[in-house]
Amino acid sequence: MAGGFGGDGVLSERAHQYEYRITGYFIFACIVAALGGSLFGYDLGVSGGVTSMDDFLKEFFPKIYRRKQLHLNETDYCKYDNQILTLFTSSLYFAGLISTFGASHVTRNKGRKASILVGAVSFFIGAVLNAAAKNIAMLIIGRIFLGIGIGFGNQAVPLYLSEMAPAKIRGAVNQLFQLTTCLGILIANLINYGTDKIHPWGWRLSLGLATVPATLMFVGGLFLPETPNSLVEQGRLEEARKVLERVRGTTKVDAEYADLVDASNAARAIKHPFRNLLARKNRPQLVIGALGIPAFQQLTGMNSILFYAPVIFQSLGFGSGAALYSSVITSGALVLAAFISMALVDKFGRRAFFLEAGTEMICCLVAVAITLALKFGQGEVLPKGIGIFLVIVICIFVLAYGRSWGPLGWLVPSELFPLETRSAGQSVVVCVNLLFTALIAQCFLASLCHLQYGIFLLFAGLIMIMSSFIFFLLPETKQVPIEEIYLLFQKHWFWKRIVGDGEQVGPNGKPGAQV
């Protein structure tokens, strides 16, 4: 088939010639790589539980422990407003967002596999330091190593999964990252429930068990193949073809291999990938993938719902087990939603999930805000019927997020970038995501205290803006080969005005004849 160099130097529209079948080798590679999500999920789950354990607070934050004992029965909006513990939590995210730029260099020059291994080692070191911590300094240093591990893992794993997957099932394969993240959260919550009964060192066991997924990821990572895209990018062409044939289960990979080589030729001409992100032809990827989606993912209000659930459950009479029950139910709902998304996202598409789930989330947040405005605050305990209603609404919200902004917040950006800016673009994705995660973690409790139920209306308004952003600016990427995504922007009603109409250009940026 005739093709031509597109805006990023990739030969265009050979996707119908791609062939593949699912092989055991492909499944092994994807499962091992996806363990990177379990690192992120386990830390998300375990850190919140540990910081609520009395033994942990007595050793490192005795003032907070005494305050907690004085306010055991308090149920108003300011109950958990304390910046010290939130700083302990958010320090990991700040470390992660800084480390992701180093991860970009490793991912681009040494490969996706190298970043996965570095992330596993760093996370292992951080888990050991936290489990053995004798003072706050050791805790913070451990959190920094954990953050570095997450920075490397979150940078490399979504890229690895998207590049290894055939176009027709890329959505489901990439969402293995979200699935293992949710499973990590669920397992951590269950472990916290058990270790909370082990006095006075149960919290050390919770933190130390983070070494298990890190070890599995490192040992499995030693046997991982590098992605064909990365091997071509490094100039290892013969090896790239062999890996591509093995993961696709066929020797008929000429069309896909040719697209990879053409993309690599364009990529080699780019000496400054971060600067190239600012080029007009990459403007859609920058605005949608690197900035918009990762920021909006954290502005959905999901963190607020996950935090606020224990208070609602406590009002239902669950008492000291409130945090466990709420965490298990919400993280269980996330796991269920991840399976739903994996099964259906390549059939119905990314836009449909974003927009349909966004509508549900807006309705849920408005319902929560109205209910709390009428029935909650100033020490008033929620009636049981109202509490059950809110629990149902929260579960609906979590299910909606878990099949849309949760997994698609990682999937869609990993699809959008051309090879020459892919590692740099993913670094910006991770950086923006972790920056907003840290800011939300640091500011939410104070915002809840001051805005009260109004914070849920604020998040509902933000989701309306986010949904409009998706509706007008994101083209549908389902089943489109990753090296041909750029063609969507050349045909998009808005972006074609910025990137042009697909004038044929070669890797040197000059007009070139069709091939």
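Cβ atoms here come from the backbone N, Cα and C positions, even for glycine.
Annotated features, as they stand in TrEMBL:
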DOMAIN    29-478  domain 'Major facilitator superfamily (MFS) profile'
TRANSMEM  22-42  transmembrane segment
TRANSMEM  84-102  transmembrane segment
TRANSMEM  114-133  transmembrane segment
TRANSMEM  139-161  transmembrane segment
TRANSMEM  173-191  transmembrane segment
TRANSMEM  203-224  transmembrane segment
TRANSMEM  286-311  transmembrane segment
TRANSMEM  323-345  transmembrane segment
TRANSMEM  352-374  transmembrane segment
TRANSMEM  386-406  transmembrane segment
TRANSMEM  427-447  transmembrane segment
TRANSMEM  453-474  transmembrane segment
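Between the transmembrane segment (386-406) and the transmembrane segment (114-133), the number of CB pairs under 8 angstroms, six or more residues apart, is fewer than three, so the stretches are not in contact. Counting Cβ pairs closer than 8 Å and at least 6 residues apart in sequence, the transmembrane segment (22-42) and the transmembrane segment (352-374) reach fewer than three and form no contact.
Proximity of the transmembrane segment (427-447) to the transmembrane segment (114-133) is not established, fewer than 3 Cβ-Cβ distances being under 8 Å for residue pairs spaced 6 or more apart. Across 114-133, 173-191, 352-374, 453-474, the stretch most heavily in contact with the transmembrane segment (203-224), judged by Cβ pairs under 8 Å, is 114-133. For the transmembrane segment (114-133), same-chain residues at least 6 beyond its ends with a Cβ under 8 Å from one of its own Cβ atoms are 33, 36, 39, 60, 103, 106-107, 139, 141-153, 155-157, 160, 204-205, 207-211, 213-215, 217-218, 221-222, 224. Long-range contacts of the transmembrane segment (139-161) within its own chain (CB-CB distance under 8 A, at least 6 residues past either end) are made by residues 30, 33-34, 36-37, 39-40, 43, 60, 88, 91-100, 102-104, 106-107, 112-113, 115-116, 118-130, 133, 173-174, 176-177, 207, 210, 214, 217, 227, 410-411, 413-414, 422-423, 426-427, 430, 433-434. Per-residue pLDDT, averaged across the domain 'Major facilitator superfamily (MFS) profile' (29-478), gives 85.
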